[in-house]
Amino acid sequence: MEGEGGRRRARRVRSDGGAGALLVMCLVFCVMVRPCVGSDIELDDALAPTQPGCSNSFVLVKIRNWIRGQEEPEVVGVSARFGKLVSDHEEEKHSVPLAKLDPEDACTDSIKPLQGYAALVRRGNCSFTTKARVAQKAGAVALLIVNHKQELYKMICSDNDTFQDINISSVMLPNSAGNSLDRALHANYEVRVLHYSPSRTVVDIGEVFLWLMAVGTILSASFWSAWTAKEEHYRRMKERPELSGDVPAEAGDSEKMDTDDVIDINVLSAVLFVLLASAFLLLLYFYMSVWFMRVLIILFCIGGFEGLQTCLVSLLCRWFPKAGATFINVPLVGSVSLLALCLSPICLAFSVVWGVFRLNSYAWIGQDILGIALILTVLQIVRLPNIKVSTVLLSCAFLYDVFWVFISPTFFHESVMIVVARGDKSDGEAIPMLLKVPRLYDPWGGYSIIGFGDILLPGLLVSFCLRYDWTARKSLYRGYFLWSTVGYGLGLFLTYVALNAMNGSGQPALLYIVPCTLGTVLLLGWWRGELRSLWFKGDSLDQFSFDSSGRSPTD
């Protein structure tokens, strides 16, 4: 009885510990079924009009600058639809002096010649093409236009005109960078600039590492989930010997066996998930702000703390069984194991330190650790009972991703998913519910990223496949786990191929992952004649066939 009481308490503590993570993951699901978003080397220009002399792609441009011979931090701007294409390489000897036109708005002919100079002007009072023509007529070799906002603006051409006469490059600068150059010129300092738009590497080691991290997380979560289900079933067989014999179990026994620890998704909840995800995405799109971002960061820290604690307790309880089996009543919390109580301050400190230093260059390491722990915990708690639910969930998520990335610009004039993912309305700070790795060999730097939803949703299917294979006593090659894992890896690989082929434009990862995972399982099930079993029975434990020792024939 004492052993059963201890097990009951352990189950209760594990459920309570996962409740916070599950609560956060409801929010994560709403946010993070999202595309892998690369650095915006090339901006979305599908809606910008094209005319003769006005058909350039919008590309980000690096501007190196020297003030009184001292190199200052590099500035990033965006090229114009018109004019000369920006070079993709830099040569310091080709830097040019910078000066302002007179009048400074460049809306009328300048009385000040700028032969061999780059011209600095401010946005406003006339069209961009007018400014470019005035600067070119004054002898300028390039035009830098300072925006009145910090955001970059795409410079397009006016209607009903041709622009083949403009043969200098034009670049839009953010307000802060332009003001810095303007102040230096106002102080009569010598300012030189060099602008170029380097091509990104085809494959970066960061993408390879992120691929391995995503696939490894799903493999770890799948084995943890399957092993826990198997141990739980063996324990039930010892406690209920009648379940292992020829006596049929009472109706619902197999469904009740894991209700203490596991939440099974049904068809209704799968559909509601996508509807709630859409509603929350719109909420973020319309009302995202700095304070809203801080709320998301706090929720992520809470979820990361819960996930990290759950993972460490599950890992260390095998080495410290007495600490894991000793429980202490904590006010407002309830019965908590001594091991969890000892690990809580460490996990809490880790989450808080990340939250405080999250903007530092090395913070991605802590974010990935918290994120992986959170994903592992959720995939341990939340499960798919059969392929029917999986098909509904992943199909809805597939449509959700495609709609909010590709179709939403029809209604909102911009991709809602990409705007939210980039943090355009929160001072550029992206939501933290993602794994990211620095792009080590990319001249633009930045991060390769993947949202939690792009790991969690396929991970639910892969975990189900492993549990089904163990339940149905399938070999590795004749089962579904191996092929669903291969499908996930292939789908994620295709996502990065598309990301590079589209010059860094945002891609919905589930567009490639869902057909490669769910499609593979459904096709294999149909080919083998097992689709009905997958569709209705799934990994139901009443499919086990045990001998008198309580072990399955495969053990």
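Placement of Cβ uses the backbone N, Cα and C atoms for every residue, glycine included.
The domain 'PA' annotation in TrEMBL covers 97-181. According to TrEMBL, the feature signal peptide maps to 1-38. Look at TrEMBL and you will find 208-227, 265-288, 294-320, 332-356, 362-382, 389-407, 444-468, 480-497, 509-527 tagged as transmembrane segment.
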Cβ contacts under 8 Å made by the transmembrane segment (389-407) with residues that lie 6+ beyond its boundaries: 33-35, 265-267, 270-271, 273-274, 277-278, 281, 415-418, 453, 457-458, 460-461, 464, 506-511, 514, 517-518, 521-522
Chain residues outside the transmembrane segment (362-382) and at least six past its termini with a C-beta under 8 angstroms from it: 18, 21-22, 24-25, 28, 213, 217-218, 220-222, 224-225, 228, 261-263, 265, 300-301, 303-308, 310-311, 350-351, 353-354, 432-438, 447, 452, 455-456, 459-460, 463
Same-chain residues at least 6 beyond the ends of the transmembrane segment (208-227) whose Cβ lies under 8 Å from its Cβ atoms: 314, 368, 372, 375-376, 379-380, 383, 435-437, 448-450, 454-455, 458-459, 462-463, 465-467, 470, 481, 485, 488-489, 492-493, 496
Tertiary contacts of the transmembrane segment (509-527) (same chain, 6+ residues out, Cβ under 8 Å): 33-36, 387, 390-391, 394-395, 397-398, 400-402, 405, 450-451, 453-454, 457-458, 461-462, 465, 480, 483-484, 486-488, 490-492, 494-495, 498, 533-535
Per-residue pLDDT averaged over the domain 'PA' (97-181), given as an integer: 86
Per-state residue totals over the domain 'PA' (97-181) - DSSP helix, strand, coil: 17 helix, 19 strand, 49 coil
